[in-house]
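The structure appears below as structure tokens.
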Amino acid sequence: MGNKQTIFTDEQLDAYQDCTFFTRKEILRLHGRYHELAPHLVPMDYTNDPDVKIPLALIVNMPELKENPFRNRIVESFSEDGEGNLSFNDFVDMFSVLSEMAPRELKAIYAFKIYDFNTDNFICKEDLEKTLNKLTREELTPEEVNLVCEKAIEEADLDGDNKLSFADFENMISKAPDFLRYL
Amino acid sequence: MCVCVCVCVRARVRGSQPASQPEPAQARRLVPGGASLSEAPPGTLEGKRVRRRDDGHIPPLPPKKSRFPARPQPSAHMDLDSVFYTHQHGLPSNPLLDQLPSYQSLLYRRKSSSASSTKRRSSMRGRFGSTSSWRWKGEKLEERPRSPQLNRPVHELTLSIEEKRRNKEQRMEQDKDLSSWKQWRLNTHRHLKRLKEDGMEVLSALQLWRGDIHVIEGMFGTGILSYFSFLRFLVLLNFVIFLLMFGFVMLPIIAVPYASGNSTFKVHDDAECSDYPSTSRQGLVVFHQYILDLLSGTGFLEKTYLFYGYYKVEAVHFPKFKYNLPLAYVLVTIAYLFLSLIWIVKRSAAGFKQNLIQDEDRFQSFCNKIFAGWDFCITDENAARLKRSSLLYELKTDLEEERIKQKIAGRTRKEKCRIYLLRLVLNLFVVTVLAACFYSIYKATVLSQESQLTDCNFIVKLIVEYLPSIVITLANFITPLMFTLIIQFEDYSPAFEIRFTLMRCVFMRLASIGVLLFSLWSQIAKCEDGNCSCGYNHKLYPCWESRVGQEMYKLMIFDFIIIGAVTIFVEFPRKIIVTYCDCGLAKWLGQQEFAIPQNVLEIVYGQTICWIGTFYCPLLPAISTIKYFIVFYIKKMTLVNNCRPATRPFRASSSNFFFLGVLLIGLALACVPIIVSIAQISCSKACGPFVNYATSWEVVPKTISQLPEELRSFLMALSSEAFAISLFVITCLAMFYVIALAGAHKAVVNQLREQLAVEGRDKRFLIQKLVQAQRKTMRSLSSTTMQDRHRPLYHGAENSSSEGLFTQLPPVSASSV
């Protein structure tokens, strides 16, 4: 292209373009946002792949994530160590999956990870209760929460183990009309 | 083989199961021969089985008798289930599972056909469990078979970016081995893809109002976003209709002096009917007369491009060809109706599919709300708070609906009779109200038409001109309030209440236009001595199409004025009162909510007027485009400044379909007057392109009769009864076939579901057995080295505290496998 930018090499940008759903401009913009989060930590020059990770606390304060009740889980699901510290690669990956160009199946996998609070590869009733409480900020009574969780499991659980495995989740998500629009 | 498998609990194997199990409330019956139960697994209530992969709990095999054994399974199968446990970070503890074909099948899935985005591809996905472990442990990919992944683009894999890069480099390495032709093809493919992505970026930047709509989406969520994108769609639709009209009807006439053509028109023989008195004001004209003319399309506006009457052209002769303007006029009318239909249907196709799925599975609503309820695009704190409260409201409504359903199911006969009677009475009341409204519209139109000739002062004249519009607007303001009040007594479920009220409002809005047209036509066709010599009242309405066009023009202008006036005079003061005044009135009013259904009805009403009116007023689409353009900014301004989002949420998924559905109803309604007036009503002899034809449609048969022989006979065959009937029969057959196909598919889906459950059960049993056998072998090997006691295999019901692995089941279950 016309502009000379010195943040990434051309190969790096190419690789990013292939590995995510973003264009060059968007990747550069993302790098700008990443840099803004911790200017002293993040170098402007990424040509030699520095190993820099931004902690969870800084990332969840981004305006895009600030109001999201699942922000902690989102960031944790995309981090390598499971603690929420994102390198730039993880950062770009996260936004790539959350962008509107990512296909439904990809989003479904990560959505499952996000809603699986105890990371046991199942969404059990406790996970559901936590999800619901985060969604409604605990404004439902415990009986209502219980009832709603039970109904949700009843709707989606195909194999009868009272938990949602990924297969159950994906089957249910494929029928959920709002999933693509909202996620 | 009678396999006795004995249940033993205690040892929670390997301690790595972090999820706690909910205690089922029911008492558990022990499997005979089983030991005590310390924990309760989630019960297999219906005998449905787990599929594939690592999951934590596998209830033991249910007894064969019923597919849905009532009893939950004892928990003691912890040990057995241990074959399926995963480590904390998701690493499967059993390499056997990795090799199962079904796990391998997770690597690629069936191609899903999602039509919404061009970038959606067929699916992908690495195996979930192993992916997570690999992500967190950074292992390499090479162990997985490569072939299924070759077809999938790199960016759709669920791996971290380093792994995707490695994957891509591997692929590039492999590509180097291909022939140069294939390499060239791959390279071109890549370049084209890049080019396409850049092109899409440019195109999307050109999209109208993209930035504004993004801001609205962020502040108010996707429900209101769908309203504004609907408005944008209407602007585009109207602009395209205007281009059609302009290109085929106006441009030839405008181009006549420049293209050295000349237009001809034949004067009709009957001098009486073709007398079109001049409408320009003579003599000294007061200034406000011009304003009146501008607002009602009379006077200097009447004989302009604006109205039908100006196009008194039979044919335009250009040097090379002859342009048949009347034919073009009729065909363009039909064309724009068709175009609107196709465009709307195409837009609503995606929403319709979703709606169909959603309606079928009404039990999905809870899951949908929990997992897909939060709008990830919200960035504003207030919007987040509102989304939360709307989700809360939705959940509570759903719980309420459950309760009401139970209540309805428990109604006695007497109560049912009472409810039905009440509903009947209220519906009759609604019908009376509607009839009263329609009658008042009729009267207002008649009055307006009759009083236009008298001379009054300016304001009164204006009111008289706009009387039908005023009455329609008033009726459409009062009736929704009445409907919302009435529906509360009819005792429907909340969701149905909303829908039914909406239906009634839609009907009221759109039918009022029909009533207006009907009353107008009854005036036009009413002559003094009963029999109209020209087919219409030529004394009062020498050019009745222009008069109808004027009414449509007035409706449109008034609609626009009302939208602006309501915003300025109602919503802004309300905002000021609520913000600055702390009185009871402010509390009672509350801040304005952006009520999506009412706003949508408003713009659909405007669009219906545009569709009907374009035939009589060819410039109406242009006016409509400008009107909707301005309305966008008005609505955006009022939304941002005055409104808070509705506490009653309007589902974004179904809203798109709702908007387009209402628009389709409007289109259908708009087609009726146009078809009637083209085909039935005799056109005026004094103006317009159809001076020499009895009806507007007549131009088509006359043109066909002048076509060459083969074409004529082909077109005649198309319009013959034989063709129409056979087309109808074929369409019916196709429809029945498709319906039958859908029913068959549903049955197949249910069957497959059951089959899956059974298969899963089988597989589970086999895996358990296999793993036990493995463990036995390993243990016996290690025990020989460590000189432990031998354990007998497969015999008896040995319950050891740490390692009991056998479950006793009644023999009948063994035969189930």
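Every residue number used here counts from 1 along the chain in the order it is shown.
Placement of Cβ uses the backbone N, Cα and C atoms for every residue, glycine included.
Because the structure is a prediction, the values reported are computed rather than measured.
Looking at B:466-489, B:562-585, the stretch flagged in TrEMBL as transmembrane segment turns out to be B:466-489.
Spatially, the transmembrane segment (B:501-521) is adjacent to the transmembrane segment (B:420-442); three or more Cβ-Cβ distances between them are under 8 Å for residues at least 6 apart in sequence. Taken residue by residue, the compositional bias 'Basic and acidic residues' (B:161-172) breaks down under DSSP into 12 helix, 0 strand, 0 coil. Beyond the transmembrane segment (B:420-442), the same-chain residues lying 6 or more positions past its ends with a Cβ under 8 Å from any Cβ of the stretch are 468, 471-472, 475, 479, 482-483, 486, 489-491, 504, 507-508, 511-512, 515-516, 518-519.
Under DSSP, the residues of the domain 'TMC' (B:543-653) split into helix, strand and coil as follows: 86 helix, 4 strand, 21 coil.
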